[in-house]
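Record features, source TrEMBL:
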type: BINDING; residues: Asn10, Trp11, Lys12, Gly176, Ser216, Gly237, Gly238; note: substrate binding site
type: ACT_SITE; residues: His98; note: active site, electrophile
type: ACT_SITE; residues: Glu170; note: active site, proton acceptor
Amino acid sequence: MNRKPIFAANWKMNKGPSETEDFARALLPHVQHQTFPCDLVIAPPFVSLAKAAELFGNVTAVALAAQNCSEYDAGAYTGEVSAMMLKEFYVHYVILGHSERRAIYGETDAVINAKMLKAREINLKPIFCIGETLEEREGGKLEEVLRRQVTKGLEGFSDKDLSETVIAYEPVWAIGTGVTATAEQAQEAHAFVRSLIGETFGADAAARIRIQYGGSVKPGNAAELMACPDIDGALIGGAALEASSFLQIIENGTKD
Ligand code: PGA
């Protein structure tokens, strides 16, 4: 199965509109009028989406993602942003289930599932994040945790919904820590997640779904990780804050 890799820059709470413009100025010469063997996605904070849409809106190689959306349509939800609002900024993807949302903001599997369904209702493509903590891994709970997150997060998803979804496997202990999962650990987890998809959605869907790796991906480890058969790109935090390093990861990660 030939899956197109997808590399997404998750800026987290970094870069307002003016820094977004700086990043775009550095990236644009390398992505305008270019074709890539992979999809490129940039996920700025909400307040920078308008600027990103203005600068990348007509660049076919780059798609925009939001880092979150509400599970509700509209109304009295102070501080929230609906999936529908995102559509006005040429946003095609939305990161959901990130471990920082789970751990810091208490998002449960049920809340994440509600957001996933809401995103699909208006045709946004979820980048659905899953991953275990170090304690869970060391306690032998890796498979149990991944099974729960995948099953609950994708509850109510149709085959079509799944086909528009990207999964990001991000071991929590590797996020922002500089510690990366070894290629072997990552491959093993990815193969397991793929098998979980197969159990619910069938072998074809499992073979088709793209599963990104995330957690301290850098130019220096991208090639080894991306060479694993079940790893289809990366969700990158820190190392995607500089255009040059984001590009280097893509280059190293897509070499034959
Ligand atoms: P990191 O973040 O690359 O800084 O580890 C990845 C992520 O949280 O998506």
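Cβ atoms here come from the backbone N, Cα and C positions, even for glycine.
On the structure: features taken from TrEMBL.
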| residue | record | contacts (Cβ under 8 Å, 6+ apart) |
| --- | --- | --- |
| Asn10 | substrate binding site | Ala43, Ala65, Gln67, Ile95, His98, Gly214, Leu235, Ile236, Gly237, Ala240 |
| Trp11 | substrate binding site | Ile42, Ala43, Pro44, Pro45, Ser48, Gln67, Gly237, Ala240, Leu241 |
| Lys12 | substrate binding site | Pro45, Gln67, Glu100, Gly237 |
| Glu170 | active site, proton acceptor | His98, Ser99, Cys129, Ile130, Gly131, Tyr213, Gly214, Gly215, Leu235 |
| Gly176 | substrate binding site | Ser216, Gly237, Gly238 |
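Fewest other C-beta atoms within 10 Å: among the recorded positions His98, Ser216, Gly237, Gly238, that description fits Gly238. Other residues of the chain with a Cβ within 8 Å of the Cβ centroid of Asn10, Trp11, Lys12, Gly176, Ser216, Gly237, Gly238, the substrate site, are Ile175, Ile236, Ala239, Ala240, Leu241.
Proximity of the binding-site residues (Trp11, Lys12, Gly238) to ligand 1: a Cβ under 6 Å from the molecule is found for Gly238. According to its DSSP assignment, Asn10 (substrate binding site) is in a strand.
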